Amino acid sequence: MATELQTLNVAPARDTDDVDAAEGSDRETLIQTLPSPDRGKEAYRFLFAAFIIEGVLWGFPQSYGVFQKFYSSQPDFQGDQNNIPLIGTLANSVYFLGAPLATPLAKRFQHRQKEVIFAGWVICVVSLVAASFATSVPALVMTQGVLYGLGFTALYFPVLRMLNEWFIARRGLAYGIMFAGSGVSGAGYPFVLELLLSKFGFRTTLRAMAVMLFVVILPVLPFLKGRLPVSQQGALRGLDVSFFGQPLFYVFAFANLVQALGYYVPGLFLPTYASSLGLSGTTGALVLAAFNLATTFGQVSMGFASDRISNALLLVFVSSFVSAVASFLLWGFAASLPTLLAFALIYGWFAGGFVILWPKFGSILSEDPGPVYSMMAFGKGIGNILIGPLSGPLMAGQVRPGYGLNRYEPLILYLGSMMLLSSLSILGWPVRLRSAP
């Protein structure tokens with residue numbers, strides 16, 4: 001339905017509740033002593049630490065496709081094949097589904113944010129050690145899936161809150177750089193995991209990953225500190241949920257949900273598809289690495305664009321529509337490595353950049369982008385959870401020459417349809433946005 005909306009003001013980014021709580025000369029003194037946002041050594045140190053956190057902790061579940069291929073070939077797990085994708089899906093989706101709860105908790109307990117970050121990091125490490133002792137798919141689901149996701153969620157949302165303090169005018173670019181961490185690591189993880197799994201099996205591989213998480217994350221933890229002083233008054237203030245009354249929120253939410261219903265399909269199945277083409281496990285890891293690396297550039301470029309292009313709906317359309325075309329034409333007709341690589345690069349670039357628009361949605365709809373971000377994450381989590389049970393039945397056929405190698409045809413058509421619906425859902429909502437003075 002076509003609906004004309006009046007010009008909307010992008011809500012000005014506020015320095016936070018703690019500054020607002022100060023009055024008169026105290027407020028002026030506080031503002032003058034605060035580190036400058038968007039620039040300076042402290043801001044860049046924080047962004048570097050956030051990049052490492054993203055790369056190491058989030059890049060690992062993003063490369064689950066290599067584990068899925070390995071688990072699917074293990075005799076011990078043959079009786080529960082349909083639930084193997086659920087491991088990676090939950091490792092990703094617990095964070096998204098927990099967002100509406102984690103966001104207010106991160107605000108309420110911001111005076112304990114360092115302890116929460118530390119606890120989340122420890123849980124991630126412990127989850128991989130526990131998974132290395134698993135003897136069944138349900139045990140892997142609970143450890144490598146659910147427990148890892150819970151640890152990452154506890155750690156991540158305080159970091160996002162700090163990022164919103166350090167970056168205001170350049171927030172889109174900052175999110176793009178941070179999120180690119182998982183793309184950079186995702187270009188290396190598949191090769192490392194493929195090598196370790198083939199030589200040592202999943203138990204030693206998971207333990208090695210746990211050691212790596214401990215050693216790499218520990219040195220950057222001191223850099224994870226907020227720009228603003230923590231006050232109990234600011235922490236106790238309620239979240240701004242007025243965006244629920246704006247029709248544009250539901251437009252963004254629907255486009256985001258539908259995009260999420262397909263997004264992780266390539267990440268889960270590209271290595272398996274490469275194997276069906278007769279390519280080696282290393283080549284399958286190469287395709288997944290290309291996908292993750294393209295996501296890196298897509299997220300940085302989308303963050304750069306979102307700081308400069310006011311019409312978020314245009315960005316949504318471009319991201320989802322190009323992803324749909326790439327799915328239908330490139331993956332569908334991929335009968336060789338070059339075509340499959342082309343799909344991985346184009347889809348990764350455009351579909352991977354979508355998540356960078358969440359802070360943009362938040363800035364349009366509310367003074368505090370956190371709650372809007374959490375609702376978009378929740379929608380993505382719902383989509384991710386459903387991918388697991390949907391993907392198994394969509395791959396019932398045999399591999400033979402043809403569109404999607406026959407076996408993957410329903411899966412590819414499903415992916416392309418979700419991306420196309422996401423792009424078309426925002427048509428008819430012309431919105432002109434201008435920054436507030």
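From the backbone N, Cα and C atoms, a Cβ is placed for every residue, glycine too.
Note that TrEMBL annotation is computational and uncurated.
Looking just at the domain 'Major facilitator superfamily (MFS) profile' (248-437), the mean pLDDT is 87. Per TrEMBL, the feature domain 'Major facilitator superfamily (MFS) profile' maps to 248-437.
Taken from TrEMBL, the feature transmembrane segment applies to 46-64 (among others). Packing against the transmembrane segment (46-64) from elsewhere in the chain are residues 87-88, 91-92, 121, 124, 148-149, 152, 155-156, 159, 162-163, 166-167, 174, 177-186, 189-190, 193, 209, 212-213, 216-217, 220-221, 223-225, 227, 267-268, 288, 292: each is 6 or more residues past its ends and has a CB under 8 Å from a CB in it.
TrEMBL lists 84-104 (among others) with the feature transmembrane segment. Residues 61-62, 64-65, 67-68, 71-72, 77, 137, 140-141, 144-146, 148-150, 152-154, 156-157, 239, 260, 264, 267-268, 370-371, 373-375, 377-382, 384-385, 387-389, 391-392 of the same chain lie 6 or more positions beyond the ends of the transmembrane segment (84-104) yet place their CB under 8 Å from a CB of it.
Residues or ranges marked as transmembrane segment by TrEMBL: 116-134 (among others).
Among the features that TrEMBL reports, transmembrane segment is placed at 140-160 (among others).
Under the heading transmembrane segment, TrEMBL lists 172-192 (among others). Within the chain carrying the transmembrane segment (172-192), a Cβ under 8 angstroms from the stretch's Cβ atoms is held by residues 38, 47, 50-56, 58-60, 62-63, 65-66, 163, 166, 271, 282, 284-286, 288-307, 348, 352-353, 355-356, 358-360, all 6 or more beyond its ends.
Positions annotated as transmembrane segment by TrEMBL: 204-224 (among others).
Under the heading transmembrane segment, TrEMBL lists 244-265 (among others). Packing against the transmembrane segment (244-265) from elsewhere in the chain are residues 3, 5, 8, 88-89, 92, 96, 312-313, 316, 319-320, 323, 327, 351, 354, 358, 361, 364-365, 372, 375-376, 379-384, 386-387, 391, 411, 414-419, 421-423, 425-426, 429, 431: each is 6 or more residues past its ends and has a CB under 8 Å from a CB in it.
Summarising the annotation, TrEMBL assigns transmembrane segment to 277-300 (among others).
Long-range Cβ contacts of the transmembrane segment (312-334) within its own chain (Cβ-Cβ under 8 Å, at least 6 residues beyond either end) map to 251-252, 255, 259, 262, 266, 273, 277, 302, 305-306, 340, 342-343, 346-347, 350-351, 353-354, 357, 360-361, 364, 403-404, 408-409, 412-413, 415-417, 419-420, 422-423, 426-427, 429-431, 433. Look at TrEMBL and you will find 312-334 (among others) tagged as transmembrane segment.
According to TrEMBL, the transmembrane segment annotation covers 340-358 (among others). Same-chain neighbours of the transmembrane segment (340-358): 172, 175-176, 179, 183, 256, 259, 263, 266, 270, 273-274, 277, 286-288, 290-299, 301-303, 306, 312, 315-316, 318-320, 322-323, 326-327, 330-331, 334, 369, 372-373, 376-377, 380, 419, counting only residues six or more beyond its ends whose CB sits under 8 Å from a CB of the stretch.
Among the features that TrEMBL reports, transmembrane segment is placed at 370-391 (among others).
Among the features that TrEMBL reports, transmembrane segment is placed at 411-431 (among others).
Outside the transmembrane segment (411-431), and at least 6 residues removed from its termini, the chain residues within Cβ reach (under 8 Å) are 1-5, 8, 248, 251, 254-256, 258-259, 261-262, 265-266, 269, 311-313, 316-317, 319-321, 323-325, 327-328, 331-332, 351, 390-391, 394-395, 403-404.
Taking Cβ pairs closer than 8 Å, the transmembrane segment (370-391) reaches residues 82-83, 85-86, 89-90, 92-100, 102-103, 106-107, 160-161, 164, 239-241, 243, 249, 252-253, 256-265, 268-269, 355, 358-359, 361-362, 411, 414 in its own chain, all 6 or more past its ends.
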